[in-house]
Amino acid sequence: MRLSQILTACLLPLSALAAKKATGDRFQDFHAQQLSSSTSIKLDDASYTKLTSAPRDYSVAVLLTALETRFGCQLCREFQPEWDLIAKSWTKGDKAGESRLIYGTLDFNDGKNTFQSLMLQTAPVLLLFHPTTGPNARVDSQPSRFDFSTGTNRAEPIRDWIARQLPDGPKPQISRPINYVRLISITTAVLGLITFLVVAAPYYLPVIQNRNLWAAISLIAVLLFTSGHMFNHIRKVPYVQGDGKGGVSYFAGGFQNQVGLETQIVAAIYAVLSFATISLALKVPRMTDPKAQQIAVFVWGGVILGMYSFLLSVFRIKNGGYPFWLPPF
């Protein structure tokens with residue numbers, strides 16, 4: 001009995017060394033396959049079991065997918081190029097295998113037994129197996145699983161998730177190839193737009209440089225915003241409201257209340273006042289007939305007086321304590 005215990009104690013280090021050598025050789029074999037293919041390793045039931053079996057001193061990221069059209073997995077087909085990009089970028093950035101991470105892909109047609117043993121009903125499923133031996137071993141042998149329910153089908157968030165699960169070491173970034181078709185399309189579109197702008201410049205530049213056009217646009221914008229147009233969009237106010245007597249109230253009392261029609265009326269008042277002021281300042285002085293000019297001054301002056309009087313009456317509705325007024329309102 002004592003002799004057998006001594007022999008067992010002597011053989012334990014040798015068996016551990018043999019297991020370490022075996023898992024190391026397994027990693028090197030799969031890493032060489034990954035380097036030769038420059039993408040994730042295509043697995044079947046046997047290679048999946050061999051790759052993920054314990055003991056192992058390396059990590060394994062396996063995508064279980066169903067790529068055939070008859071399975072109807074649109075996300076599987078959309079994500080597969082992104083998964084290959086992750087594996088290719090990682091392999092290219094870590095050729096020496098210092099991160100000790102192997103990428104694999106197991107399609108349903110090649111791994112039905114694995115899907116059944118894992119009781120998987122949906123795809124894709126991403127499993128990350130952690131080392132079971134070595135300094136980075138985890139007590140919990142269960143793999144981490146990425147949640148595809150958010151609809152993620154881009155390489156960057158998947159790569160970041162994998163990097164967070166791994167210990168310190170090389171974690172290469174995604175390196176996307178240059179899309180020359182898109183680059184040429186954008187360049188052609190930009191050159192075509194520049195050519196069009198240069199050729200059509202004699203036609204649209206006079207319009208753009210017209211001071212009256214910009215003055216009209218600016219005036220319309222000022223009238224809209226000063227009349228409370230933005231207030232209506234923010235507060236979602238009604239167009240009109242009842243006056244409590246079966247009629248319609250065009251103006252809401254108080255500075256914190258307003259209706260849509262009120263904004264339009266105030267904007268129209270401002271527009272008439274603006275047009276009358278512009279006419280008095282620009283049009284009337286250019287009139288050559290003194291009598292017509294005098295009549296125009298009285299007419300536009302009366303318009304300003306009447307509209308400003310009406311504006312003050314509206315303001316008294318908004319603020320009942322306002323004491324000032326102008327005839328005729």
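Backbone N, Cα and C define each Cβ position, glycine as well.
According to TrEMBL, the signal peptide annotation covers 1-18.
The annotation transmembrane segment is assigned in TrEMBL to 180-205 (among others). For the transmembrane segment (180-205), no residue of the chain approaches it from at least six positions outside its boundaries, judged by C-beta separation under 8 angstroms.
Annotation source TrEMBL lists transmembrane segment at 212-231 (among others).
Same-chain neighbours of the transmembrane segment (265-284): 219, 223-224, 226-229, 250-251, 293, 296-297, 300-301, 303-304, 307-308, 310-311, 314, counting only residues six or more beyond its ends whose CB sits under 8 Å from a CB of the stretch. The transmembrane segment feature in TrEMBL is assigned to 265-284 (among others).
Outside the transmembrane segment (296-317) by six or more residues, the chain places 251, 253, 265-266, 269, 272-273, 276-277, 279-280, 283-284, 287, 324-329 with a CB less than 8 A from a CB of the stretch. The feature transmembrane segment is assigned by TrEMBL to 296-317 (among others).
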